[in-house]
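Record features (TrEMBL):
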- B:7-28: transmembrane segment (TRANSMEM)
- B:72-98: transmembrane segment (TRANSMEM)
- B:110-131: transmembrane segment (TRANSMEM)
- B:160-179: transmembrane segment (TRANSMEM)
- B:191-208: transmembrane segment (TRANSMEM)
- B:258-279: transmembrane segment (TRANSMEM)
- B:314-377: domain 'MIR' (DOMAIN)
- B:388-445: domain 'MIR' (DOMAIN)
- B:450-509: domain 'MIR' (DOMAIN)
- B:628-652: transmembrane segment (TRANSMEM)
- B:658-677: transmembrane segment (TRANSMEM)
- B:689-707: transmembrane segment (TRANSMEM)
Amino acid sequence: MAKGECTTQWSKTEDTCSTLRNRKAFLSSEKQQQDSQPKDGDNSQTAGHSSKDGTQSSNGTSAQWTDRGTDPPRKETHSSVLLLLVTVLSFSTRLYKIMEPAHVCWDETHFGKMGSYYINRTFFFDVHPPLGKMLIGLAGYVTGYDGTFPFIKPGDKYEHHNYWGMRGFCAVLGSFLPVFAYLIVLELSQSRTAALITATLLIFDTGCITISQYILLDPILMFFIMGAVLSMVKFKQQTHRPFSAPWWLWLVLTGVNLAGALGVKFVGLFVILLVGLNTAWDLWGLLGNLHLSLVDIAKHFLARVVGLILLPLFLYVTIFAIHFVVLNKSGPGDGFFSSAFQSRLIGNNLHNASMPEYLAYGSTITVKNLRIAGGYLHSHWHLYPEGVGAKQQQVTAYLHKDYNNLWLVHRQDENNSEKASQSGAPDLVRHGDIIRLEHKETTRNLHSHLHEAPLTKKHFQVTGYGINATGDANDLWQVEVCGGRKGDLVKVLRSKVRFLHRATGCVLYSSGKTLPKWGWEQVEVTCSPYLKETPSSQWSIEDHINPKLPNISLSLLKPHFLEILLESHIVMIRGNSGLKPKDNEMNSKPWHWPINYQGLRFSGVNETEYRVYLLGNPVVWWINLASLGLYVIMVAVASVALQRGVPLDQRRRGRLHFCGLRGGGLLLLGWLLHYAPFYTMGRILYYHHYFPAMLFSSMLTGKIPEITENICDSCFISFFFYLFHPLSYGMRGPLAHEPASAMAGLRWMDSWEF
Amino acid sequence: AMLGLQLPLLVTVQINMELLLLTLLAFWTRLSQLSYPNAVVFDEVYYGQFVSLYMKRVFFIDESGPPLGHMILAVGGYVCVCLCVCVCVCVCVCVCVCSCAEYPSGVCVWSLRLLPAVCGSLCVPLVYLLILELRLTHCTALGAALLLLLENSLIVQSRFMLLESVLIFFQLLSFLCYLRFHNAPHSSWSRYCWLLLSGASCAAAVGVKYMGVFSYLLLLGVACLHTWQLIGDRAVSHVSPASPHASSVTSSHVCVQCVCRCVCLLLVPLLLYVFWFYVHLSVLYRSGPHDQLMSSAFQASLEGGLSRITQGQPLEVAFGSQVTLRSSASQPVPCWLHSHKANYPIRYDNGRGSSHQQQVTCYPFKDVNNWWIIKDPGRQELVVSTPPHPVRHGDIIQLVHGMTSRFLNSHDVAAPMSPHAQEVSGYIDFNVSMPAQNLWRVEIFNREAESEVWKTILSEVRLVHVNTSAVLKLSGVSLPDWGFRQLEVVADKLNKGHQSSLSWTVEEHRYGTSQEQKEREAELHSPTHIDVDSNISFWAKFLELQWKMLTVKQEESEHKYSSSPLEWITMETNIAYWLHPSTNAQIHLIGNPVSWGVANLSLSAYQLLALVYLLRRRRGIKDLPDDAWSQFVAVGWLCVGGWAVNFLPFFLMEKTLFLYHYLPALCFLFLLTPALLEHTHSHLCLAHRRALCVCALAAAASVFLSYRTFCPLTYGRPELSANQLQDLRWRESWDILYRRR
């Protein structure tokens, strides 16, 4: 059967006419296989196959198994024994020394802390979706961790705190990876040798062990990724029994795993893409099957839409719903979100607060910038220093609550708020109105003029100017509600407001840059001549005090769930793209990863400490790299040969079917999807980002007969695992660049630092 | 035009009048009154600066693109000089384009803008020919050419000293040549000339702007596909003509053909691309404003600048040498290891303590305090022995600061700004049991490429502190006021791999001769002399320049007229290029709204149609005969593919983008519209053909009308009144300026 698929895969690019033909051949070949009488589909090519060869998977290597004369029942037991072996080995390598070191390692400081936040129900912000941390928190909760350990920095001792549950949970999920890989390769290649090789590679990879043993998101993410691939492969196997119970089961499981992967990290999008492409290809095949009626195809299509789009989407949204319900107390993440959002959180000063709904003249207000962690518009008695624009009072953005954040709203012509307010209810501020903002503490007006701003040289300086609120024409600002029309009211917390400077036409802007010492390291505020609507130029009215107006409860302004969902995604995406590598800081480049150029220090720096170093088993990784190259070359040569119609001998063709492209392409695509996008990412990258891709390349390695034949005894790999195991299970004593160290001979690359 | 030669000497000339007329019209629209406005318009400031640097032969880096584009513009500059000489206008006036806002003479303006305008005009006939190569009719070709001819934004962009029209020209040319090659009969060798030309124009497109890479990739993809079909064609023999099925013509062997294609489309463009740099580097041999970004070795190869200082320096650094050490990191600024008579404050603002020894910093300006003397720990003298004893990889040295005679020292005290690293100081003994730790081991990083001996400029050296094995490093943080805002230097133990901030090169160098401190100070103040030559090869220069161009980060800049890719499709924003200083005459980059609408419409129509066709074919229903289908597909890859590769990559870019970045993509869409119309005419609307023709004519007429309407904003004249300008503001978001009278 592989023959048919082979041609199809590699003639995709040919004109559709021939694709159509090949496609038919493929389908018919698949049909033939259903009859459990597997013969090679393309008779003209593989007529020479013996029936014995046919019943086994049609490859050269598995012939060994055949030759040992295994009859079906014994094969079954073999299978389960092997599976059991893989499982036991996998669990034992991951759970060994799980409690060591008894201090916080590397990113445990983040994810452990976030797990604790769930237990304490305090709100926090992270750039990843919440599922991973929720599961960590749950695992901790179930195993009796009380959420009191602060996780301040790596190296802190756990002491009496109960951390085994969280580590153990991650390790258990990590232990499933080799098992899943075994099953996937077994399913794809029907060869137990190949599956066993893959499992060996993963079981004895120091990197996979290390990354599974700590409180991290990666084992959880990889569990879902592999789960999704496994369910997808199993689902594909059910092709001949559509709409049966197992068919539905695997479809739904694929969807669940996809939701899980995306719920842990946005990297899960890559596996969604993989499954999506595979499903599209599958549907394309069904569409070409002229025996199926359009109704059947529509059924197939709808089933996949439900199972792979709607269900994961629903689960993903549910995860967020749980996240927001659980975290209902004010915490360190408040500042990242809008004021309206904060009014939901118990303990935040906006919670259960009440204030007038619409902005009015004479009110005292605080104005908050809408960029993430944007500060309040702030001023203080200090002046800009000599040489920084005009020597007038500083205006900045300040992240904390302060009485210097208070401003009074005035009409452009009136000087004293008292005068107007004596005559009944104050007027409301409307879109397009021209106002003056007086700083309550210093009685200066918010002012701008054609001097360059202190840090952003293309913008204008914003100052406090005037005495007792008497200034000049440069103190006038036009209020603009984003998306509003003339006459619209300004709603507290909810409206996005821009302040346009009347005289110069610029817009009040917070650049996010920190001022030097003279500005108390607060954030620069400028007036930008570029009128683009960005969060930096949008502000919201947060506190609003006006005794003349009736207060409403802020709970009326609480955002809708979908708004919260949208806002948290915007904040996460901005946070992700904000993680820029700093200059002069060594950061990991994607090309470092497959060659195992440099690891990550998990714990310990100097000789006396307990050191753990995340580094893949170099032999495993280099074999993976080599087999990747080999695979590409083999496929290229083979497809050229096929395209030219070169007659191939029996053995070669068998080999071709094997790497063929039976799923090999799927694994290669998986590797590419999990690796290539990192080249386009501007954010800071780490070595551990490669691990999902590494799983795919290990599975691919198992499928290449040349490699499989040469190293089929796993002793080879386990020997190198034995050499490198201190990387995962911890080492003490001198560093490896000193000859006295036990690891001295193993520092094969200068860039390794264990 | 076709030209046939017959015997006896009879010359028959066939001229396609349509083509000729289109070309003439294109020249007329693009070239008429080219020297108006006689002022620097928009980005001409930017390009003009480079042109003038070319004229002065001064080296520069422009990280926005490879040098070919600038060179083409500079040709205009040379033409200008020639013309100036001819008309006896002072040459130097013409050259200083950048310095004055108004171009000095109409002649120069004309010649500088000539080449982009010619390229822009030639795009029109190219489009015509391209459509014909797609095996579509003359009417279709005429339609596409008309759309291009009457596109206001293309006219504006080609009438100034800007590069888009040049880029578009080479992109279209490469596709035309490739199609010529593909459609030519398989037996002729001459078709490889077309392929060669195609490869060359790809290289030119990439050489003008990096955006050209994407259309080059599209062309390569298509070529791969065609080659793959060729490989599958079993009628063509493998290698030898001996094969029974093969035709006798030698050119049709698969291997030969594949190799030829590879050479023409891969090797030739690559070599040409390098060639542009070769010309660039050999033309620009003088030092200039961007020297500082390059390595010392590169700078030394330029005339003037560093080479004037380093000329005559001894090559090998010896014990007793007086040197300045430049950090190899060019971030945040290039700087030299420096020390001065000021100590670290006893306590920093955050309460941490320091050693209170003499500050060691990195200083971005030349200064006498940048001089250090290399001392042999075993000897007392600070002069070079005869013969000089060169420093080699692995040698232990001490570094003595020339003016203050302090030893470069490091110890286990946290550095001022980067507390994880060690402080580096000029050692002062305060008798506080803080012994001197001033031994440094020299590690020459590029000793494989250069030599074991420490060489001026060429060797990249790491200084490893002997006591702690920390490495001298530029942390890149600036010190506060007590450190005069100079850059912090630390010794860092965590030295991961090769980082430019860890390595230092000797830039200025002389053999010290004076033993006494006073004499030495005088010596340090005096200029250096002795002779040495340090030439680096073209390849080294090319690689360095290319690397710098790709990695130098552009300042995140805002611009009033910048826009995001999504806004381009609907032409949400315009760009005001020029406004007459006193009247309402102005030039804007605004496209022809009707053409844009029609183009967008045809894009979505094509996608819809393609989807329907594909699904139906999959279900075994063939709506189109095979040749019509393959033509439909070919139109798709060229037009929709060309549009996609020139548009979609912008979504991933983080730089400031403008409407004119969309123009290459737009050109490909203009090819699609008439092609789709013809497809509809011959396969879909069989019943309403006449109505279709009428519609097409009406569309063409409205394209022409809207072209006429926007002409005043395209050519900058005639001047319009405020009311007329108001009327032209078809979209709320357009920014059209007018003076109130």
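Cβ atoms here come from the backbone N, Cα and C positions, even for glycine.
These figures come from a predicted structure and were not determined experimentally.
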Sequence-remote contacts (6 or more beyond its ends) of the transmembrane segment (B:628-652), Cβ cut-off under 8 Å?
130, 134-136, 171, 175, 179, 211, 214-215, 217-218, 222, 565, 568, 603, 606-607, 610, 613, 617, 622, 661-662, 664-669, 671-672, 675-676, 679, 682-683
Highest Cβ pair tally under 8 Å against the transmembrane segment (B:110-131), stretches B:7-28, B:191-208, B:658-677, B:689-707, lands on B:7-28
Tally the residues of the domain 'MIR' (B:388-445) by DSSP class, grouping H, G and I as helix, E and B as strand, and everything else as coil.
0 helix, 26 strand, 32 coil
For the domain 'MIR' (B:450-509), give the DSSP counts of helix residues, strand residues and coil residues.
6 helix, 27 strand, 27 coil
Model confidence over the domain 'MIR' (B:450-509) (mean pLDDT, whole number)
83
Can you break down the domain 'MIR' (B:314-377) into helix, strand and coil residue counts using DSSP?
3 helix, 30 strand, 31 coil
